[in-house]
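Notes to accompany the following structure.
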Amino acid sequence: MSSEVETSEGVDESEKNSMAPEKENHTKMADLSELLKEGTKEAHDRAENTQFVKDFLKGNIKKELFKLATTALYFTYSALEEEMDRNKDHPAFAPLYFPTELHRKAALIKDMKYFFGENWEEQVKCSEAAQKYVDRIHYVGQNEPELLVAHAYTRYMGDLSGGQVLKKVAQRALKLPSTGEGTQFYLFEHVDNAQQFKQFYRARMNALDLNLKTKERIVEEANKAFEYNMQIFSELDQAGSMLARETLEDGLPVHDGKGDIRKCPFYAAQPDKGTLGGSNCPFQTTVAVLRKPSLQLILAASVALVAGLLAWYYM
């Protein structure tokens, strides 16, 4: 008689015990939250390493560029929340519908008013990259609403994860009010604990009645969402290269080529600040050079070329 005790199905106890962890791991990997986490890791890493995101996290952001990014977010969330409202009763999405806790459009409108004024809608338009993202969201909401999960997951979970960090970076780099004007997007007033809410949201995702094929399609759609975001970042990088860095209001005074040279930031950085005689202010040199008519003509031609390229890019 065998020393191993067999079960009624003919599987001995040792084999049954060895299969238990495998079954548990398979169940875990079948969870939509785990599939999304693993299936979008590469795209997530690439998005985090785009130049725009790296510059933002370093506080190297111009206000005009931040305004363009806020505009892109406004159009993106307007589309996403319109489609979420449309599908709030759809069984594949209804358990993830939390307008009070998550919706960002109202907060973004406040930010747009702060940056552009009351007539902000007359001043902004959806960029080419953002429009592609918006079009995709509308298509999904109207034709494949089960895939809305991918876009909600990509946007809201990311906002809850890094929102407070980005808010502080923006406030510090752009000298925005600590009272929240201009950064309402990052404030989730009705979420007391972001980590707990994310866990709750993931549990709701995992409870959705979806087959494995649909889950795989959601992962694929989430990767598309990351790609659309990266296209917007790339567009912002291009726009940023055309914008002059905004001078902070409390920065060092700029020497105008006249008067006390010690007001020049270049001079202030020199180790031998006690002697004026040997100092050469680059601002003075630049002003003198640009006063030459021939170089003024070259500069004007260069500006015209850049303007022409910009016009072509935005056509």
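Note: Cβ is positioned from N, Cα and C throughout, glycine not excepted.
Residues or ranges marked as compositional bias 'Acidic residues' in Swiss-Prot: 1-12.
Annotation comment: Swiss-Prot describes Ser2 as phosphoserine.
Sequence annotations record features per position, and here Swiss-Prot assigns N-acetylserine to Ser2.
Among the features that Swiss-Prot reports, compositional bias 'Basic and acidic residues' is placed at 13-28.
The site 'Important for catalytic activity' feature in Swiss-Prot is assigned to Asp159. Counting only same-chain residues at least 6 apart in sequence, those with a Cβ under 8 Å from the Cβ of Asp159 (site 'Important for catalytic activity') are Arg104, Phe185, Tyr186, Phe188.
Residues annotated as repeat 'HRM 1' in Swiss-Prot: 263-268.
The S-nitrosocysteine feature in Swiss-Prot is assigned to Cys264 (among others); the stated evidence is similarity to another entry.
Under the heading repeat 'HRM 2', Swiss-Prot lists 280-285. Model confidence over the repeat 'HRM 2' (280-285) stands at 45, taken as the mean pLDDT rounded to a whole number.
According to Swiss-Prot, the feature S-nitrosocysteine maps to Cys281 (among others).
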